[in-house]
Amino acid sequence: MTQALLPGHPHVLYRDDQLFVDQVPAAQLAEQFGTPLFVYSKAAMLDALAAYQRGFAGRRAQICYAMKANSSLAILQVFAQAGCGFDIVSAGELARVQAAGGDLSKVIFSGVGKTRAEMRQALQLGIGCFNVESESELEVLNEVALSLQVQAPVSIRVNPNVDPKTHPYISTGLKGNKFGVAHDRAVQTYQRAAGLPGLRVVGIDCHIGSQITQVDPYLDAMDRILDLVEAIEQAGVPIHHIDFGGGLGINYNGDTPPEADALWARLLAKLDARGFGQRQLMIEPGRSLVGNAGICLTEVLYLKPGEQKNFCIVDAAMNDLPRPAMYEAFHGIVPVQASRAQATLYDVVGPVCESGDWIGRERALAVQPGDQLAVLSAGAYCMSMSSNYNTRGRLAEVLVDEAGAHLIRRRETAQDTFALENLLPA
Ligand code: LLP
């Protein structure tokens, strides 16, 4: 038997000509659970987490999984059991942490538009920290906390104004972004926060973007944040923890991001050199923990040769895998059963009624209707961004662990998709 690993996906491999997720043949999963289907490897998630844990060995660091990347309960459960906290951005995500048995004291609440109701709920549940993104949010959080006779633990998200060198839709740390408090207003904002009786300043945070594949933007952001910590503390406001956000990229298409432990070796060296090595650290990784732990299995419905292009029409679509349509993102596409037949160039597209419904362009594939394909790097920002557009039920999800395959979410039926709707009175 020959074994071949797929780039970036240490737990997705070919044994002879058959695609496997860990020890389970992908074809068997497609048969048992139907397609399209998300399949995740628990071991791949824990391996990705282990790289961070190695990087932080001997340090005071809390990893808060940014669950927007994939918020399925069983996945949260895996990370909760591995000791992670969670970075959340809504009351809905908070409810998911509770449902998955996560530790609420390790929850940080990010986002530019928290409502009073969300603040109240999070305060009542005793979350670890609010990452506050504006001065007006500080005032509102103070009011809500006072009305509950508690103090809200706060960190202020500072916009370090560095270019993460990634897609403009997912870069967040530049001056023109809606995120965070401007670097040059940070000290003032901290002084204001320290004077509000409903708030307790605990930290500082930044998040410069997503799918970052270089170390330099992180080093630059760190320098700017540490400069601020010094200035804020000189102004009399102690900073307990420093949260460097998430953003580390994955290999989608030959991308070469640093490993998490290598990245943190560089960053910790800087922290040590500047005398901050013993501070409590936090990070909020999302994509790098789950992205390459997941694939989407899809069946070829039709081949449609054309004068300009050949189309390979599959049963997954932009509502299931929105990243190509939204960001022109690349996802690898490989056959579940490898073939030696002559390959043809296809645009791989879904059944949705939009030209934007494509999953991959100009892919060399040797396929026939009825064959199955795997869309790679589908663990992050796929299921969590999927929709019911065209009244397509959202996909089933399966998690593979050492005991086998577990259905962690059943496929939505048509009835599920309109279960919340009412007809008008007759
Ligand atoms: N922390 C904050 C405050 C964030 O806004 C994000 C992501 C993260 C952490 C996690 O970042 P990560 O480690 O996953 O890069 N839908 C886009 C990505 C949007 C990222 C939004 N914020 C995509 O599919 O590429």
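Every residue gets a Cβ built from N, Cα and C, even glycine.
Record note: TrEMBL gives Arg323, Tyr327, Glu354, Tyr381 as substrate-binding, and the candidate from Arg279, Arg287, Arg410, Arg411 in that site is Arg287. TrEMBL lists Glu284, Pro285, Gly286, Arg287, Tyr381 as binding pyridoxal 5'-phosphate, and of Gly247, Gly254, Gly350 the one it places in that same site is Gly247. For Glu284 (pyridoxal 5'-phosphate binding site) paired with Lys68 (N6-(pyridoxal phosphate)lysine), the C-alpha to C-alpha distance reads 11 Å. The recorded positions listed here (Lys68, Arg323, Tyr327, Glu354) include Lys68 as those with a Cα within 10 A of the Cα of Arg287 (pyridoxal 5'-phosphate binding site). Among the recorded positions listed (Lys68, Gly286, Tyr381), Tyr381 has its Cα nearest to the Cα of Arg323 (substrate binding site). Restricting the binding-site residues Gly247, Gly286, Tyr327, Glu354, Tyr381 to those with a CA within 10 Å of the CA of Lys68 (N6-(pyridoxal phosphate)lysine) leaves Gly286, Tyr381, listed by sequence position. The binding-site residues examined here are Tyr327, Tyr381; by Cβ neighbour count within 10 Å, the least packed of them is Tyr327. For the pyridoxal 5'-phosphate site, the Cβ centre of Gly247, Glu284, Pro285, Gly286, Arg287, Tyr381 serves as reference, and the other residues of the chain with Cβ at most 8 Å from it are Ala66, Lys68, Ala69, Ser210, Gly246, Leu248, Ser288, Leu289, Ala380. Tyr327 (substrate binding site) sits 12 Å from Tyr381 (pyridoxal 5'-phosphate binding site), taking the Cα positions as reference.
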